[in-house]
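Listed in TrEMBL:
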| type | residues | note |
| --- | --- | --- |
| BINDING | 190, 191, 192, 193, 310, 522 | CoA binding site |
| BINDING | 386, 387, 388, 410, 411, 412, 413, 414, 415, 499, 514, 525 | ATP binding site |
| BINDING | 536, 538, 541 | Mg(2+) binding site |
| DOMAIN | 23-80 | domain 'Acetyl-coenzyme A synthetase N-terminal' |
| DOMAIN | 83-465 | domain 'AMP-dependent synthetase/ligase' |
| DOMAIN | 530-608 | domain 'AMP-binding enzyme C-terminal' |
| MOD_RES | 608 | N6-acetyllysine |
Ligand code: PRX
């Protein structure tokens, strides 16, 4: 692992919000006096009613409960829009960049306000109110931001479903969160290809167990031909046509739910993490400001999708709470060419760029195409998120996208954490390529060994967090027991992240990746269990086991071992059918890269699949299988090695 150091340059330090000394003293204060620290930070928000208790949290077994700023009342959309209007009504809030380089649109804070108010009034007219759940399945257009904020305005809980998910996955999420309304667009566009969003929703709603949806609200984006059901479907522009551009915000308690967002775990179906209003909003705003060193006038661009937590915290809530001007992008980094990111940076004079290692590696693979024809001199800060960034990709990003002038903030965090947890701060932290460096304010990371002992100094172990922070998810929607079990039962009185990490002599953290059965494919988090359950739903498959293996661009790729039902022969045609099945059943991102026909899987005598062995076979480490004597039938291993696809 590279240990080269990139010290904070004097010119960066001079322009940044915080120095190293300031970081250290604020960090210490946030740990020594968390209540005082967070009470002070909470002044960043506009409150209808001040809170009377700052922190009321417990990680005790069977009593996990997380509450911040109790007694307080506020509204997230007011904090993201209304309060900026006196000074910023005419400032651009959103710069939309379409899939085609010729398409763009600017939206001021006043326009954002008006669009959100009209939609919020429209939602109320449809009978959606405080506490109702609204599923959102949208392309990356401004309307995705409007509808999320419109929900927040009336106290409805949004649950955004990533536009890359298939009808079955949409239906599962609607059923789980009891959504009353689903919001979509006719079609989306990515990399020149159309995404049939409304059609996918139609198919999801056709599933018999989807019973809670009263209406489907549709935004017209590409004027595509779509099926229409007069009783169910409503055009957004028709709904909002006569609506006033003012809308009284709902008064929300600090701990009232803001949104549910599904993410994958190591077992079972995806879990709906529930985030609440005040703590989440404050944490996303504070991290956005200091991690990206956001200063008035900066143009900020986060390349994520609103279907993931990064889009929630660092496109919608954090930047807008800070009154930022930001680019939102419908397309992909390699369309029409690999110069697109740099071209968009030049076109909109972007100062801060936040993207994922997988995008960087995809550009790297194209030689100098990404940077030969653009300048990117407006850039001041680069960010990375979603998976470990390998030092080669880090240095390529630094040199070729950032012209060796911009610090890279490698931000480690999760859907569950709500905001960035371990990260450099641009003017404060010397950088080491591949390391997420140091904890953010209020975060107490710990490395723990398999016995639950906290390791000191230089060490490697499982990453846990010792105390609560305001942005933390409060529960898994409808299943608090699973929440406790997943995050608080592995180590007593700690939040367990599911990641492994190393701490070096300078106290810097190096995230090594998941230690559970969760994969990270191109920065997308996927549970092996969900892919397996999709595979076994195919009529030819009796049993399936999925593991990850390293991939140059995606970080990890998916390797599936499949046992056929009796009498089924493996053919290329069948493999193709299975791959297509997973794409339509779950998502194209969950489609296995390699499929191996396995006559048997390595199981213990109690019937548990030993994935450790399958991982080693898929990564071609056939000489490191370890002890196989505990297997019920050790001979299956030879067959698996013989037929390995890697
Ligand atoms: O394994 C870690 C990895 O992504 C996981 C969280 O995925 P998700 O909830 O989808 O959120 C992604 C965006 C925040 C983590 O458990 N991960 C995320 N950021 C990093 C990372 N691994 C290493 N370095 C990072 N900067």
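Placed from the backbone N, Cα and C atoms, the Cβ positions cover glycine too.
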Could you tell me which of the binding-site residues 190, 191, 193, 522 have their C-beta within a distance under 6 angstroms of some atom of ligand 1? none
Counting other C-beta atoms within 10 angstroms, the emptiest spot among the recorded positions 514, 608 is 608
Residue 514 (ATP binding site) - helix vs strand vs coil (DSSP): strand
Where does residue 411 (ATP binding site) sit by DSSP, helix, strand or coil? strand
Across the domain 'Acetyl-coenzyme A synthetase N-terminal' (23-80), DSSP yields 26 helix, 15 strand, 17 coil
Neighbouring binding-site residues, C-alpha within 10 angstroms of residue 386 (ATP binding site) - of 191, 310, 522, 541: 310, 522
Going by DSSP, is residue 386 (ATP binding site) part of a helix, a strand, or coil? coil
Please report the distance from the Cα of residue 514 (ATP binding site) to the Cα of residue 522 (CoA binding site), rounded to the nearest angstrom. 14
Give the sequence-ordered set of same-chain residues, not counting 536, 538, 541, with Cβ within 8 Å of the centre of the Cβ atoms defining the Mg(2+) site. 534, 535, 537, 539, 540, 542, 543, 544, 562, 578, 581
According to DSSP, residue 536 (Mg(2+) binding site) sits in helix
Binding-site residues 190, 522, 536 vs residue 388 (ATP binding site), shortest C-alpha separation belongs to 522
Using only the Cα atoms of 190, 191, 192, 193, 310, 522, which the record gives as binding CoA, return the largest interatomic distance in Å, rounded to a whole number. 24
One residue among the binding-site residues 190, 193, 538 has the fewest other C-beta atoms within 10 A of its C-beta, namely 193
Given the ATP binding site residues 386, 387, 388, 410, 411, 412, 413, 414, 415, 499, 514, 525 in the record, what is the largest Cα to Cα distance, rounded to whole Å? 18
Find the shortest Cα-Cα separation between residue 536 (Mg(2+) binding site) and the recorded positions 190, 310, 411, 413, 608, and name the residue that gives it. 608
By the DSSP assignment reduced to helix, strand and coil, which category contains residue 191 (CoA binding site)? coil
Rounded Cα distance, in Å, between residue 411 (ATP binding site) and residue 541 (Mg(2+) binding site) is 40
